[in-house]
Amino acid sequence: MKPPILTIIMSTVISGTIMVLISSHWLTVWIGFEMNMLAIVPILMKKFNPRAMEASTKYFLTQATASMLLMLGIIINLLLTGQWAVLNMPNPIASNTMTVALAMKLGLSPFHFWVPEVTQGVPLSSGMILLTWQKIAPLSILYQISPSTNPNLLMTMAALSVLVGGWGGLNQTQLRKILAYSSIAHMGWMIAVTTYNPTLMMLNLAIYTMMTLGTFMLFMLNSSTTTLSLSHVWNKLPLTTSLILMIMLSLGGLPPLSGFIPKWMIIHELTKNNMIIMATFMAITALLNLYFYMRLTYATALTMFPSTNIMKMKWQFENTKNTTLLPPLIVISTMLLPLTPMMLSLF
């Protein structure tokens, strides 16, 4: 894709999300979602092949259905209240319809089927945008309507998402699918705490975004899309293996890494609100996620996979990919735990 065209399309994606973030009128929120959806499709089809085309079509159809449901919720709300204001949601039918629409946009279970398929069909850079930037707009709306949402509906979707996100990734060898299931599980954690403390959801989103960006950039650095290609990294970029080890364990939520902060805070918040069974269930299902991150870690950092290169000196051409953002992302993804009190005061 030519740079001027890419710039125009990316600016439309960004302005669509910003429009959703700053709007207090349902119609402009909906228009922002539509701008964002129509502009992301060409980015998903950046490498034009049948798989990318199929993935983009699946994404478009799902998001269009979600937009239609969102508009239905908006119209029900308008008919009953006569207002377009985002915060005014007294009717349960309207709020449930909108919650379901936003769950489809986020890829929460049971509306998660498109996430692994679409992520697997698109290039790594497009997958990165899909699993990070595209979550901001729906979550911001969920944040705003959280007082009027149905807690039972949210908790059911959260429990299912955490379970599906852990179970689905177990048998995968494709890195993009693993990250897609990881995304579903993280969304489940965010939705679980929305009812009790929506600001924690924002903290979780910020840390999840940093970790996922760092992971995708490490994979893009050595063009890895499968566990097999990742297992050869020790031979090309030895330092990358230890970085992948740290970032994977952080995604799994192990202390003393950054990924532990949101899990710790969410479990604390749930137990404070007498949701002990839910907190225990989520902590146990997080072990499923940790298992498939450990598999990647084992293949990358803990074993030296047989290699065809028998020379002791570096034999490849120098890597020319731009890695400006990688060091700060790695630091944020792994070393934020001591800053927890400051983040809690900010959020």
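Every residue gets a Cβ built from N, Cα and C, even glycine.
What you see is a predicted model, and the numbers here were worked out from it, not measured in a lab.
The domain 'NADH:quinone oxidoreductase/Mrp antiporter transmembrane' feature in TrEMBL is assigned to 23-288.
According to TrEMBL, the domain 'NADH dehydrogenase subunit 2 C-terminal' annotation covers 290-344. In the predicted model, residues of the domain 'NADH dehydrogenase subunit 2 C-terminal' (290-344) average a pLDDT of 83.
Residues or ranges marked as transmembrane segment by TrEMBL: 5-22 (among others).
What TrEMBL lists as transmembrane segment is 28-45 (among others). The list of residues near the transmembrane segment (28-45) in space but at least 6 beyond its ends in sequence, with Cβ under 8 angstroms from a Cβ of it, reads 1, 6, 9-10, 12-13, 15-20, 52-53, 55-56, 59-60, 63-64, 67, 70-71, 74, 86, 105, 118, 121-122, 126, 129-130, 134, 137, 141.
Among the features that TrEMBL reports, transmembrane segment is placed at 66-87 (among others). Residues of the same chain lying 6 or more positions beyond the ends of the transmembrane segment (66-87) and with a Cβ under 8 Å from any Cβ of it are 23-27, 29-30, 33-34, 37, 93-98, 100-102, 104-105, 141, 144-145.
Annotation comment: TrEMBL describes 152-171 (among others) as transmembrane segment.
For the transmembrane segment (178-196), the list of distant contacts is 103, 106-109, 112, 115-116, 118-120, 127, 131, 135, 139, 142-143, 146, 149, 151, 154-155, 157-166, 168-169, 172, 204-205, 208, 212, 215-216, 251, 262-263, 265-266, 269-270, 272-273, 275, 278, 282, 285-286, 289, 292-293, 296: same-chain residues at least six beyond its ends, Cβ to Cβ under 8 Å. Feature annotation from TrEMBL assigns transmembrane segment to 178-196 (among others).
The annotation transmembrane segment is assigned in TrEMBL to 202-221 (among others).
Annotated transmembrane segment per TrEMBL: 233-255 (among others), in sequence order. Using a Cβ-Cβ cut-off under 8 Å and counting only residues 6 or more beyond its ends in the same chain, the transmembrane segment (233-255) has close neighbours at 182, 211-212, 214-215, 218, 221-222, 224, 262-264, 286, 289-290, 293-294, 296-297, 300-302, 304-305, 307, 309, 316, 319, 330, 333-334, 337.
What TrEMBL lists as transmembrane segment is 275-305 (among others).
Marked as transmembrane segment by TrEMBL: 325-344 (among others). Away from its own ends, the transmembrane segment (325-344) comes close to residues 203, 207, 210-211, 213-215, 217-218, 221, 243, 246-247, 250, 255-261, 264-265 of its chain (Cβ-Cβ under 8 Å, at least six residues beyond either end).
Outside the transmembrane segment (202-221), and at least 6 residues removed from its termini, the chain residues within Cβ reach (under 8 Å) are 124-125, 127-128, 131-132, 135-136, 139, 143, 175, 179, 182-183, 186, 189-190, 193, 230, 237, 240, 243-244, 247-248, 250-251, 258-259, 261-262, 265-266, 319, 321, 323, 325-326, 329-330, 332-333, 336, 343, 347. Remote same-chain residues near the transmembrane segment (152-171) are listed as 96, 99-100, 103, 108-110, 112, 116, 177-178, 181-189, 191-192, 194-195, 275, 278, 281-282, 285-289, 291-292 (criterion: CB distance under 8 Å, separation of at least six residues from the stretch ends).
Away from its own ends, the transmembrane segment (275-305) comes close to residues 155, 158-159, 162-163, 165-167, 169-170, 172, 175, 178, 181-182, 185, 188-189, 192, 196, 227, 230-235, 241-242, 244-245, 248-249, 251-254, 263, 266-267 of its chain (Cβ-Cβ under 8 Å, at least six residues beyond either end).
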